[in-house]
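Database features, via Swiss-Prot:
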- 17: active site (ACT_SITE)
- 65: active site, proton acceptor (ACT_SITE)
- 17, 205: Mg(2+) binding site (BINDING)
- 18-22, 30, 34, 62-64, 66, 68, 186, 192-194: substrate binding site (BINDING)
């Protein structure tokens with residue numbers, strides 16, 4: 001495949017778009033589309049392990065998604081609970097670590113308990129980290145981080161006007177233990193970031209595919225990695241020569 005471990009992105013972020021369109025095009029309900037999208041997450045985890053990827057962040061539910069119909073929201077969270085209940089043992093045995101990025105506000109006690117259990121059970125796993133961004137919005141994250149930094153400086157009696165360094169700020173991000181995003185994939189043809197990991201994706205390569213999320217498979221992932229290999233990453237500088 002021409003993929004070498006040294007060239008693999010250390011952190012891939014995925015905007016999983018197209019569940020609804022997949023369902024509508026087949027005369028199915030949006031809930032059925034989300035269920036099929038959960039199968040695509042399984043395929044992504046399998047392929048990531050096989051290819052040697054280490055960190056994946058998935059945009060599962062945004063802070064803006066609360067505007068959707070109540071029935072659809074209930075279906076999404078019901079699927080999340082089912083996903084954890086039916087797959088967690090296998091995920092754990094395969095050495096996959098689960099993380100959660102996002103606000104805990106608005107999430108029910110039942111959902112939080114399932115997430116916390118999955119995070120706690122898999123915390124020592126090292127083969128692959130899958131970060132579920134649930135009730136996540138990048139602006140919300142940055143505001144929360146700024147507030148926590150302010151409170152921390154106040155508690156520590158550090159002068160508030162002291163110049164702020166990136167590393168100090170990043171400690172308060174949900175993704176503080178993850179490397180920056182190298183590759184951001186968005187499915188279903190849309191070409192926008194939708195308030196997803198804006199700080200973390202500052203120098204990410206952006207890969208847009210028309211493939212709907214329920215149809216995303218190992219070949220789709222390999223295509224994105226081959227494309228990533230062709231990119232010259234400058235990080236604001238110049239290429240040699």
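Note that Cβ sites are derived from N, Cα and C of the backbone, with glycine treated the same way.
When Cβ atoms from all protein chains are considered, those within 10 Å of residue 18 (substrate binding site) total 25, not counting its own. Between residue 186 (substrate binding site) and residue 17 (active site), the C-alpha separation comes to 7 Å. Taken residue by residue with DSSP, residue 205 (Mg(2+) binding site) is part of a strand. Note: residue 63 (substrate binding site) has non-local neighbours 102, 103, 135, 136, 137, 140, 195, i.e. same-chain residues 6+ apart with C-beta under 8 A of its own C-beta. Around the Cβ of residue 22 (substrate binding site), the number of neighbouring Cβ atoms within 10 Å comes to 24. Sequence-distant neighbours of the residue listed as 'active site, proton acceptor' (same chain, six or more apart, CB under 8 Å from its CB) are 73, 76, listed in sequence order. DSSP classifies residue 18 (substrate binding site) as coil under the three-state reduction.
Counting neighbouring Cβ atoms within 10 Å of each of the recorded positions (17, 205), the lowest count belongs to 205. According to DSSP, residue 193 (substrate binding site) sits in a coil region rather than a helix or strand. Under the DSSP three-state reduction, residue 63 (substrate binding site) is assigned to coil, being neither helix nor strand.
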